[in-house]
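Accompanying notes for the structure given below.
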Amino acid sequence: MSAVAAKTGGAAGDNNNKKNNRNNYKKLPTAALDDLVQYVTLHVRKPTPISGVVLPFVPLYLTAFYLWIYVYKGHEEEEGTAELDDVPIAKQGKGIEDAAWSDIGFIAVVAIAFLHILTLLFCYWSVHVLAFLTCRRVKKPASGVLAKVVPTANNGNSKIVPIRSLQLENGTRQYYLVFQKTKYVWDEDKAIFRAVEFPVNKLLSSYASSRGLETEQAIKTAMQTYGNNEMDMVVPEFHELFIERATAPFFVFQVFSVGLWCMDDFWYYSLFTLFMLIAFECTIVKQQLRNMSEIRKMGNKPYLIYALRQNKWRQIGSDELLPGDLISVTRSQNDNIVPCDVVVLRGSCIVDESMLTGESVPQMKESLESLQQLNTELDAEGEGKLTVLFGGTKVVQHTAPSKESMRAPDGGCIGYVIRTGFNTSQGKLLRTILFGANRATENNAETFAFIAFLMVFAVAAASYVWVKGSEDPERNRYKLFLECALILTSIIPPDLPIELTLAVNTSLIQLTKLFVFCTEPFRIPFAGKVQICCFDKTGTLTTDNLMVEGIAGLSSNGKCVPIDEAEDKTVQVLACCHSLALLDDGLVGDPLEKAALAAVEWNLTKSDSVIPKRGKLKPLRIVQRYHFSSALKRMSVLAGYLLPFSNEINYIGAVKGAPEVIMGMLKQVPEDYEKIYLEYARRGARVMALGIKEFGNLGGQRIRELKREDVECDLTFAGFVIISCPMKPDSKAVIKELVQSSHKVLMITGDSPLTACHVARELRFTNKKLLILTPPQNELSGTWSWVSIDGDRIYPLDDGKSDKNISMLLAANDLCITGEGLLYLQQSHHSYMLKVLPQVTVCARFAPKQKEYIITTLKQLGYYTLMCGDGTNDVGALKHAHVGVSLLTSAPVKRKRTEDELREINAAASAAAAAATAANQQLSPRERALRRRQEHIDRTQARLQNALRDMEEQTMVKLGDASIAAPFTSKLSSIMCVNHIIKQGRCTLVTTLQMFKILALNALIQAYCQSVLYIDGVKFSDTQATMQGIFIAACFLFITRSKPLKTLSKVAPLPNIFNLYTISTILTQFAVHFGTLYYLTSEATALAPPRVGKVKLYIDMDNEEKTKYDPSIVSSTVYIICVSLQVATIAVNYKGHPFMESLRANRMLMCAIGASAALVLLLTTGVVPGLTQFFEIVDFPANFRQTLLLILVADIVGAFALDRICSFLFGETRRKSKVLNC
């Protein structure tokens, strides 16, 4: 299949960005040439009459109608003109046969219509089916052509989008498509679609010399190429989302079932069930709309901004900005945010990037005019970050350009627009939230496979009824067909999603009490399957409160001395070498630098001066900052102070950074320099080396000419500053519980490997030695190797016999890889990486995209993953994990309801109660019982809605929190929520699996009762059916209310239904129950009086006969057996420990089972005549009564024994993974 591939460059269209590492983080499938789009195929719609949803069905309909109306109907009219009593027997039989054929004709038409509707629904469910049936392939785009766009894995769903076109200024027509808010244009020469190229990788000098869009032609071209700077997110209408939910496979099946019940006179129950279904879907749609409204608020609101157009400054709307524009950026007023991605050309600013990164630390942004080297390409995601303002961030302070060459009317910083709309950093984040991962729903493959398993027995039962029922030539075939269809829908429980929802809702309510909010409830069972738990470090495992321990490396023994005993030169470096700024709101900047400034007891002023609170040192004024760079691993400043008794200023250079980097800048390196800093780093402390340089008196020209290299050389060593980052108090206990409960724990952090490894050891992520994947000393000839923290173990990386090598490596060690190491493994040892990745314990120096790559790779390898983080830079990983948990660090304040709201709530409750009372009076006893069951579900749903409403009032999701993107959000900053989620997940998973087993056994028993026994004329009274329904509903309700145990069990539950234990226990238990049912029914039939005449089925009766019930020994026996079997099924298959409370602890369920068992005993023995009369049970002979009791006891014992044998043989807990060793 030839596909039109999208050219490399990604959704942002950074096509030629050689330094852009985005594609390195994600190994794309070989066919995909883009990180968003896998392939594109072009199609044209077929005319409707010849499409696959019309043409094949026309001849089928015509044939069916012709045979039904003209052949059989006409034949029937010819033969049936005379009275049947007056014609010969042969003719009478012929007339009956024709009537039967007429019914079959109607059934054939209904079957074709059903197939037709199913085909239309499949077109709705699958883009591929829609394209196959309604479109034909073409090679080139044109007007009226459609594009089927298939995204890469974890990037949303395939979609058919229209090809659009526009007339370019040069007269040519350009074709393009928009997929997930991203524009792809058609390249005529290469016959491919490619993403629009934005000016993001030009030379810095070309930005610096730009004069903006200087001509009308340039503005028009940019407008046609990029479009407006809009971030429109249209929130769908309620009915659009509801239709999407209402066409889901399960909902369609449920409505189909309701329709069949209506045709069989179950009006009240059917319509009530339909109302329940619609109400349930409406609550989900309302929740989705609320979430979408919140996401919409994250878009940019247009405001006026100065732009240099045609060499004149003019105010235009921020939504009219185009790449190539020069704009003026000022401090954000009235919640205005930076409208697009901008390179700062002149001036400087301090920016709050918490919306994008989750970090509350404002960042300093420098302009290109402060850089000496401008002949390099811009790398906006890497080193160029320092000069780029990202869309969606807030400018908290700006400094106007110092030079007079170009100034804006409002005195703002001058910036060059490089990306607009959904291609900005903010746009990418929104696209991840909107389209990133498919939502987990109840419509999973496993549930459908379970239904297919039950369908085999359902079809067998329906076939038996059809064959046996057709033996009577007078029987109405339409009603018989309806009965068979009803068997199919009743054996496949139509309330299965509601039962599953009940189990999930109970867990939801429990989690809300623990301050955990869930936006995708059906992810809860996934938490029970989790194998690998991934954690961010800073702010998740550790606190944000940094502590300066002291200064090391200056005393004779190198020990750490308190700050107040530090030398003057050390205090000066700590006081002035930072990127802090004083705003109206207080001091902003890196918490580490704030902690250091507070420790030396100096104050910062708005004019960038630092003043000691006490002591003999002179105040310092920061003259020039050379900002921290992750590539350089250092920062430096030039500062000055007044000499005593003169007006001369003495200048010093202060430098701080990674010890290994500063080491090469020192005039004289202390002997034990490396030993000291490595010792503290291995303890988990953050260690920074300090250096100082005296410049003396400098002139203004010399200061302007001074380069970074001049400051960062010939330094005098000023010590190591030792900073500790305390653990959260409960982190260690949580990790210990997770490790002991069959989980692999993994730390993924942007921090240094030594610090990360120390935290991992402190929190007992591992008890073995950690090996770090280390690059060679000599990059040209050396090889990468696994090196222990203390350097005493070195294992060269060799993937020749990778399985054996990895096993030997892990026998006494655990592994740590860095972002650089991951990049190397991806490019050079990909298969080795896939084998080693699940066994890694620490991932350090990881970029956000690499965190996401780890999660998606582990998922592809078949592992269930949990990711816990606190910043929006974890958004990709949180969204793609099976269970994403976001920690909110701010304490919420609960909003009180107003009096009007309370009055509305009370009025609505009173009206609902009055309506329910009026409706109840019109229902039969059975329907009232069924309604009571639905009201139980209603109440649970109401409790859930109240809990969710309270949660929303307590904390509206703020921008900068990952809450919207993560399925789970904890309002507490403790990682204890992870254990709560897993406990509830395991409890829900086990409950769900138990319900599947019970439903399967009930369905199999029902299949026999509704086929073989139904044809023999066995049926239950209205009272019997109602009481049996109440018992089942009560038991399921009490099963779903089971609570998890307080501690996580050491073993994990089975992750799915289809395993040897479940299948074997269902089949063996059914064999025992079937044997019981068959034997006792045969015994009862032998005692019953001989049957007179033919059996009259339910479908043969008129309305008066349907309400009349004549008890018999066979029907009474079957009823007692059915109740007993349901007791046995629930008692045997309810498993409490080790995942949830035991049967004895679940008192409500225990009482329900005990009451049902007592009922069986009383009905069998007949010691309470009033009870047997109420249940319409006949009095049994003494011998049969004894046999009945013995066989029922033997049935329960046999089922229990076989279940235990199956459990012993196959195990009912998850097997230990050889790879994860858990």
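Any Cβ shown, glycine's included, is placed from N, Cα and C.
When TrEMBL is compared with the stretches 398-425, 874-901, 930-957, the one noted as coiled coil is 930-957. Packing against the transmembrane segment (1113-1136) from elsewhere in the chain are residues 990, 994, 997-998, 1001-1002, 1005, 1009, 1013, 1016, 1018-1020, 1024, 1028, 1031-1032, 1035, 1039, 1042, 1065, 1069, 1073, 1076-1077, 1080-1081, 1083-1085, 1087-1088, 1142-1143, 1145-1146, 1149, 1153, 1156-1157, 1159-1160, 1163-1164, 1175-1178, 1180, 1184, 1188, 1192, 1195-1196, 1199-1200, 1203, 1212: each is 6 or more residues past its ends and has a CB under 8 Å from a CB in it. Secondary structure counts, DSSP: the domain 'P-type ATPase A' (308-432) has 26 helix, 42 strand, 57 coil. Summarising model confidence by region, the domain 'P-type ATPase A' (308-432) averages a pLDDT of 84. Same-chain residues lying 6 or more positions outside the transmembrane segment (1148-1168) and placing a CB less than 8 Å from one of its CB atoms are 1031, 1034-1035, 1038-1039, 1041-1042, 1120, 1123-1124, 1126-1127, 1130-1131, 1134, 1175, 1177, 1179-1180, 1185, 1188-1189, 1192.
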